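Peer 1: Quick one: structure below, then a few questions.
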Amino acid sequence: MNPQAKLIFTISLLLGTTITISSNHWIMAWAGLEINTLAILPLISKSHHPRSIEAATKYFITQATASALVLFSSMTNAWYTGQWDITQLTHPTSCLILTSALAMKLGLVPFHFWFPEVLQGSQLTTGLLLSTVMKLPPVSLLFMTSHSLNPTLLTCMAILSTALGGWMGLNQTQIRKILAFSSISHLGWMTIIISYNPKLTLLNFYLYMLMTTAVFLTLNTIKASKLPTLTTTWTKSPALNAMLLLTLLSLAGLPPLTGFLPKWLIIQELTKQGMTTAAVSISLLSLLGLFFYLRLAYCSTITLPPHTTNHIKQWHTNKPTHSSIALLTTMSTALLPISPFITTII
């Protein structure tokens, strides 16, 4: 792709995200979402492979439907209440439609079907944008309207997302699909707490962005896109693969790594709210996700699984690891000791 075109699309992404996050009016928020969608489409389809074109088409149809629902929800609320302010969403029908629209934007169950397919048809760098930056505007809208949305509906969607995200990722061999189901599972954790403590949702989202960026950039460096490829990359850069192991375990939420912090705080908050059953359910369902993280970690670092075919091992490279990957992986594994400081900030 032409560097100038790529620069324009990247600036448009940042512009659309900024407009949505900083707006108070529904029309401005909708315009930001549309700019975002139109900017990411050429990046998804830039390889001109049929799978990429299919992914771009699926993404466009889903996001256009979700944007139409956002507009319909805001217009319904304005019709009944005369309010276009995002925080003044009070009409029950509008709240229900908006919940569906944002779930579709984010890829929450039962509107999750598009996300693994789109991520599989994209390159790793585009997949990183889809998993992190593109989720920021819908999460910010969810944050601003959290007091108006139905907590029971959000809790049900969250538990289903964690269950399906873990369950459907078990049988995958494509790394991008595994990371897509991982994203759906993490969104469940963010959604379950948003009605009770929205700041915890933002903390979870920021840490999820941090860890996912580290994983995607590492995979992009070692050029691994499926599990059989990942098994032969340990010879190429052993130190990077060792850090990938820790980052994946952090993404799974194992103590004493960074990923344990948001899960710990969310379980604590749910227990305070008297939602012990939901806390136990979502904790047990996250063990499904732990299995495929461990499988990824096993394939990347620990040993080669038994195969009948011969593997071509990759040459060891002396090329230094990029400083951004080093910083991200360190933060993805070592932030738990400063959790008291993080909790005072939020």
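Using N, Cα and C of the backbone, Cβ positions are placed for all residues, glycine too.
Bear in mind that TrEMBL entries carry predicted annotations, made automatically and left uncurated.
The structure displayed is predicted, hence computed values, not measured ones.
Annotations per TrEMBL:
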TRANSMEM  5-21  transmembrane segment
DOMAIN    23-288  domain 'NADH:quinone oxidoreductase/Mrp antiporter transmembrane'
TRANSMEM  56-76  transmembrane segment
TRANSMEM  96-115  transmembrane segment
TRANSMEM  152-171  transmembrane segment
TRANSMEM  178-196  transmembrane segment
TRANSMEM  202-222  transmembrane segment
TRANSMEM  243-262  transmembrane segment
TRANSMEM  274-294  transmembrane segment
DOMAIN    290-342  domain 'NADH dehydrogenase subunit 2 C-terminal'
Peer 1: Considering only Cβ pairs under 8 Å, which range in 96-115, 178-196, 243-262 makes the most contacts with the transmembrane segment (274-294)?
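Peer 2: Answer is 178-196, with the largest number of Cβ pairs below 8 Å.
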Peer 1: For the transmembrane segment (96-115), could you work out the same-chain residues 6 or more beyond its ends whose Cβ comes under 8 Å from its Cβ atoms?
Peer 2: 33, 58-59, 62-63, 65-67, 69-70, 72-74, 76, 89, 130, 135, 137-139, 141-142, 145, 149-150, 153-154, 157-158, 160-161, 163-165, 180, 183-184, 187-188, 191
Peer 1: Could you pull the average pLDDT for the domain 'NADH dehydrogenase subunit 2 C-terminal' (290-342)?
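Peer 2: Mean pLDDT for the domain 'NADH dehydrogenase subunit 2 C-terminal' (290-342): 78.
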